[in-house]
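Remarks on the structure that follows.
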Amino acid sequence: MDTVAQAREIIHDASHVHFFTGAGMSADSGLDTFRDARTGLWEKVNPQDMASVEAWQRDPEPMWAWYLWRARLARRAVPHAGHEAIAKHSGKVTVTTQNIDDLHERAGSGEVAHLHGSLFAFRCSSCHTPYSREIELPESPTPRLAPPECEKCSGLIRPGVVWFGESLPQDQWEKAEEYMSAADAVVIVGTSGSVWPAAGLPTIAHRAKIPIIEVSPQRTDLSDLATVHITNKAVYSLPEILFP
Ligand code: APR
Ligand code: ZN
């Protein structure tokens with residue numbers, strides 16, 4: 001039986017399917033991975049310099065400009081047939097994503113845990129109060145933009161994204177652990193499985209003998225956990241193995 005048929009059988013028998021997604025899931029909507037998103041203005045920049053508290057404290061304006069530009073690109077991107085297939089799949093569906101865009105939600109997925117935060121969540125970098133005012137996104141890449149100030153304490157507003165060295169949001173982590181152990185099938189899509197602690201989550205399902213399907217064009221650090229590996233892109237394979 002070919003891998004798609006095997007995957008369809010696993011999905012058909014599952015009443016709760018959990019999806020664990022990474023940058024490869026957004027790639028088919030034209031959003032580059034973190035490492036590729038540093039093109040043009042930010043080509044020479046070391047990721048640590050654009051995603052760490054030290055860099056923010058040293059000079060917040062280039063980081064603020066970069067995250068707002070990535071938010072603009074994410075807004076311009078459109079959920080693809082893979083996002084739609086997940087959102088429309090019959091039965092219970094939950095998602096844990098390492099991505100900071102909102103493509104899963106815009107496709108209609110309701111239960112989404114964001115391990116690394118979101119480009120569209122902003123909070124005060126001092127008192128952590130969520131910032132609810134509208135933030136205007138740049139129409140083109142800009143080298144520097146001044147972040148607004150918190151209305152409560154005048155601290156600088158920062159992106160609600162997890163930076164290097166920061167811990168993951170506890171509530172999202174617990175949601176992801178719960179999904180991984182409650183599901184009766186797990187589909188890993190578009191993640192290299194190289195960034196911890198997120199990469200450790202599928203082991204929960206593997207230990208519980210929950211069948212794991214992996215969809216990615218090449219093998220990854222998680223491929224050994226997979227019951228079935230489909231060597232293809234998310235946009236093609238997900239509609240093939242899921243049921244409306
Ligand atoms: N469909 C499915 N998988 C794809 C596709 C596609 N169209 N294109 C690429 N991939 C796969 C790649 O083969 C790779 O295994 O997606 C994976 C992307 O891996 P990474 O770029 O390492 O992204 P990710 O695993 O999500 O990185 C985790 O690291 O960059 C930081 O915080 C950032 O959340 C990110 C984390
Ligand atoms: Zn504040």
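Just so you know, glycine gets a Cβ as well, placed from its N, Cα and C.
ALA234 is the residue from ALA51, ALA55, ALA146, ALA234 that TrEMBL records in the NAD(+) site together with GLN98, ASN99, ILE100, ASP101, GLY190, THR191, SER192.
For the binding-site residues ILE100, CYS124, CYS150, ALA234, the greatest number of Cβ atoms within 10 Å around a candidate Cβ is found at ALA234. For ligand 2, the binding-site residues lying close by, meaning a CB under 6 A from one of its atoms, are CYS127, CYS150; the full candidate list was CYS127, CYS150, ALA234. Under the three-state DSSP scheme, GLY190 (NAD(+) binding site) falls in the coil class. Cβ neighbour count for CYS127 (Zn(2+) binding site): 11 (other Cβ atoms within 10 Å of its Cβ, all protein chains included).
For ARG70 (substrate binding site), none of the binding-site residues have C-alpha atoms inside a 10 Å radius of its own C-alpha, out of ASN99, CYS124, CYS127, CYS153, GLY190.
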